[in-house]
């Protein structure tokens, strides 16, 4: 940006883009626009407050004090209660369990402390955690009847192969039945439900409910809005943290006994724990949850406050600080994608594209990084064991609350490095 300011425009410099605001000054008292009036150094605080105040719902934007009540009624950040099924924070952990995040714990501990902790962590894994069940099936195209997978690009094909594997697990558990409500948590564009619809499209008693907190463009469920026969689709823009599943209209208002199956493809971080807590609570209240199938990912984004497996950690005398270290180590489980070299000297990537290796080798790592203490293979092994410990806490949480749960390798690592699914079936249905 140049030092010259454009005349007749707001003098505020937008910090992210480092350019002058394009709005015009809206009062003779200031050279700033109304939105940036609070940043005018030439105005006293009393004058600023009489003209503009931060929005009480979201301080990132400002409003006229005379317009406060009307703005609160229409502000996009206002709390919205969608119905009896929308109960803020109903799936959050107990407030007494809240602890600091320890986000820099890997940098704060010494090399010796880290090595001792990893020895302890590996012993816990080997003594308590059962390895994920393997998947003998390799071709999932038969569960995608209306898609020619071979004509798709590599990225799209891998997404569909994961979806096909999840549908295969539903078939193996005999869950594709009439009078079933499939609840897709963290649905995104809803592709999983869209492909599953093709397998049950003749069943008018099947319903799909899509839960997603963000706005999604080009949604797959838009293809089913005008369908007058077959399964129905409902979408709720709602955080899983606030979902009281037993009061969901598709479940509560069912005229016949309807089973509920919770599904998700890569439910990120703590959203998995919120979904599990939501399912357990619904099972206590409605006894309608038949099964849960969630493809796991992003363990490094987990927070102790949301984690469902706290009792497992407490039983093993693992503290919230230990949890934060284990969570941080999970990122090592995918370092194969960044460092491992193939025999031809090329580096494989998530999208299957081979890139020429640089002059550095996998042993050339920063001396300030804790990863320098371990080989690439050891890093991956440590990261995977950290992931499985976190997952096993979830397994025990479900086993203690009316489910029989296990982990399963649902696709190969060549399709995705996050290739583990959590599968649980109800003991009462």
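Including glycine, each Cβ sits where the backbone N, Cα and C put it.
Heads up, TrEMBL stuff is auto-annotated, nobody curated it.
Since we're looking at a predicted model, the values are computed, not measured.
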The annotated region 'Disordered' range in TrEMBL, which must be one of 340-366, 367-393, 394-420: 340-366
Within-chain partners of the domain 'CHHC U11-48K-type' (52-79) [C-beta distance under 8 Å, separation at least 6 from its ends]: 34-35, 37-38, 88
Number of helical, extended and coil residues in the domain 'CHHC U11-48K-type' (52-79), per DSSP: 10 helix, 4 strand, 14 coil
